[in-house]
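Peer 1: Pulled the feature table from Swiss-Prot, pasting it below:
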BINDING   Pro82, Leu83, Thr84, Arg85, Gly86, Leu87, Gly88, Ser89, Ser90, Ala91, Ser92  ATP binding site
Amino acid sequence: MIPLSIRVPASTANVGPGFDSVGIALSLYLHVVVKEESDKWQVIHSFEDSIPTDDKNLIVSTACKVCPSLSPHIIEVTSNIPLTRGLGSSASAIVAGIELANQLGNLNLTTDQKVQIATNFEGHPDNVAASILGGTVIGALDGKNVSVVRIESKELGVISLIPNEELNTEESRSVLPDVFPFHEAVKASAISNVLVAALCQKKWEVVGEMMERDHFHEPFRLELVPLLPSIRKCAKEFGAYGTALSGAGPSIFILTPYEKRQEIAEQLARVFTSMKVCELEIDHRGITVNKEEHIGL
């Protein structure tokens, strides 16, 4: 068979007040290379031992749920997306699994169908839609119906501060309240609305201001990511637009003017020496599939 390669970008979600709705694709990638058929699924990887190497692997289990009749294959998986750091590692695996089923099962899924299926697996569209479409996405899940709008943000630079500590999404969600007062919801929703409008109109200073005024989740997660206020203060002093938790954390996501991203990243690295400071870009392509006779990662 002609080798098949799937590349899925990482993503950051929320961007402050866009909780479970706004996502941005990032220039870190999960690669899946599909090799020969086999009598059972085999996943070759160099991750920690807790990541399955059989049909229990998230990529494979997702693919088999989408297309139960798939023939088992050997696949090789590599990734520079940190696990359980709020950069969409599980979402990228789900998206890769859907595309694996699409390619091997000849499903001819549309982009909208991929987003719908991925959102059903993930429970919210922000990470998965960003990984599929690239760029910045704003999405909503209403029952089983998903609506997603994609916008370009090519003038922006991205910096991620990644701690050594992991933070499980379930743990980070457990600190969120079950009930949100109506007046707080109105205030939080208004801030989110302005964030989205500013993203669409490329008013980056307003974007930065709104992404630091979340009421939905960041106030409750501060105990899990105590460095956020000091990182936010320094980033602003160094010329960044704004700072927010990346997804559920613990990574921190910073938007900057594109031309200043390297300078700001270097300044932050000198201050926050316990964290890995990554100068990233927004990925504008989304998931890509390559069918060539010679594929290298």
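Glycine too: its Cβ is placed from the backbone N, Cα and C atoms.
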Peer 1: For the ATP site given as Pro82, Leu83, Thr84, Arg85, Gly86, Leu87, Gly88, Ser89, Ser90, Ala91, Ser92, which other residues of the same chain have their Cβ within 8 Å of the site's Cβ centre?
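Peer 2: My list of surrounding residues reads Ala10, Ile81, Gly247.
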Peer 1: Just going by other Cβ atoms within 10 Å, which of the binding-site residues Pro82, Gly86, Gly88 has the emptiest spot?
Peer 2: Pro82
Peer 1: According to DSSP, does Pro82 (ATP binding site) fall in a helix, a strand, or coil?
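Peer 2: Its secondary structure by DSSP: coil.
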Peer 1: In the structure shown, which of the binding-site residues Ser90, Ser92 has the fewest Cβ neighbours within 10 Å?
Peer 2: Ser90
Peer 1: Would you mind listing, in sequence order, the residues at least six apart from Thr84 (ATP binding site) in the same chain with a Cβ closer than 8 Å to its Cβ?
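Peer 2: Counting only residues 6 or more apart in sequence, the Cβ neighbours of Thr84 (ATP binding site) under 8 Å are Glu166, Leu167, Asn168, Thr169.
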